[in-house]
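Read through the structure below, which is laid out as structure tokens, and then see the notes.
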């Protein structure tokens, strides 16, 4: 036995490195001592990860972001600014209609301009009421749908900005070019000739009645270029279709029929020239498509030499509203009002998986 132990000791000394400075070897601490010192858990965790990667070599490690950023911040204060912008331009439109009304030439002196649609289609008196009723239905459907949208603040500011900009354009076109009435059936209110107080009353009457004929507030002439009714009918349909599920084809079809029938009824009633309707449709659809293309594409939000859309005068306003919105808005719905947290709390006791296993073990013993 002594000979065997001596041989093992000599073999151990031969296997050690020749460097005299490294002759001391630190003894390995037992596992219990490492756990006491708090050093056992990280080593066991790292060794477990290494074993897991060896066992599952096909797994791909994904780096998680350090900070989770909201891709669609609500920013209701921006929506409030867009709402004020829309209301201001709508009120400005009523003021401009009142001003332009004083410049409309009498129909006896300036007869209606020739219009091909009017040459082939006779006037139907009740058609304009149908157009306004369709517009009211579409606006009601859109407001109801908007209330149930999850990201209603972002969609709301888009709608307010677009409709405000369209009515700002309408103020400009009405003021620079005053067209005669489209038909001899028009009964325009008498001119006030500088009576400021009466003009204010007319403005308030237009605002309170929504500028609709069925409410008796559409008594002024001159707001022909371009058609505000066409703007409303077209824009509400575009927003309804854009922010509703794609498989709601029946819903889209009904809204499209309401919009198309309303626009046709404007012409059948001879309330607007055909050019008024064409320009209104063109400007509304282009502004809607341009805005949403820029909002959905990250590269179009940057002002550059190749991005010609960034040269629009409203691009700084657009960037202010959309700079924090990352990508296309998903079609998600939620309740308009959030219930208190305690309303739907269950009185039943909740168990974790660990607690359930422990109780099962107790029952088995």
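Cβ coordinates are placed from backbone N, Cα and C, and glycine is handled just like the others.
Owing to the predicted nature of the structure, the values given are computational and were not obtained by experimental measurement.
What Swiss-Prot annotates here:
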- 229: active site (ACT_SITE)
- 272: active site (ACT_SITE)
- 276: active site (ACT_SITE)
- 15-24: compositional bias 'Polar residues' (COMPBIAS)
- 331: S-palmitoyl cysteine (LIPID)
- 332: S-palmitoyl cysteine (LIPID)
- 343: S-palmitoyl cysteine (LIPID)
- 348: S-palmitoyl cysteine (LIPID)
- 1-52: region 'Disordered' (REGION)
- 296-365: topological domain 'Cytoplasmic' (TOPO_DOM)
- 80-100: transmembrane segment (TRANSMEM)
- 128-148: transmembrane segment (TRANSMEM)
- 159-179: transmembrane segment (TRANSMEM)
- 206-226: transmembrane segment (TRANSMEM)
- 248-268: transmembrane segment (TRANSMEM)
- 275-295: transmembrane segment (TRANSMEM)
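Annotated features taken from Swiss-Prot, shown on the structure.
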| residue | record | DSSP (3 states) |
| --- | --- | --- |
| 229 | active site | helix |
| 272 | active site | coil |
| 331 | S-palmitoyl cysteine | coil |
So which of 80-100, 128-148, 206-226, 248-268, 275-295 has the most C-beta pairs under 8 Å when paired with the transmembrane segment (159-179)? 80-100
I need the CA-to-CA distance for residue 332 (S-palmitoyl cysteine) versus residue 272 (active site), whole Å please. 38
Residue 332 (S-palmitoyl cysteine) CB neighbourhood, other CB atoms within 10 A: 11
Against which stretches of its own chain does the transmembrane segment (248-268) lie, if we need a Cβ under 8 Å and a gap of at least six residues from its ends? 117, 121, 123-124, 127-128, 130-132, 134-135, 137-138, 141, 227, 229-230, 233-234, 236-237, 240-241, 274, 277, 281
Sort the active-site residues 229, 272, 276 by C-alpha distance from residue 331 (S-palmitoyl cysteine) and give me just the closest. 229
Rounding to whole Å, the Cα atoms of residue 276 (active site) and residue 229 (active site) are apart by 10
Check each residue in the chain of residue 229 (active site) that is at least six apart in sequence and keep those whose C-beta is under 8 Å from its C-beta; list them in sequence order. 131, 132, 135, 262, 263, 266, 271, 272
Go through 272, 276, 331, the listed recorded positions, and name the one with the sparsest Cβ surroundings, counting other Cβ atoms within 10 Å. 331
Excluding the flanking five residues on each side, which residues at least 6 beyond the ends of the transmembrane segment (80-100) place their CB within less than 8 Å of a CB in that stretch? 156-158, 160-161, 163-165, 167-168, 170-171, 174-175, 178, 199, 202-203, 206-207, 211, 220, 222-223, 228, 321
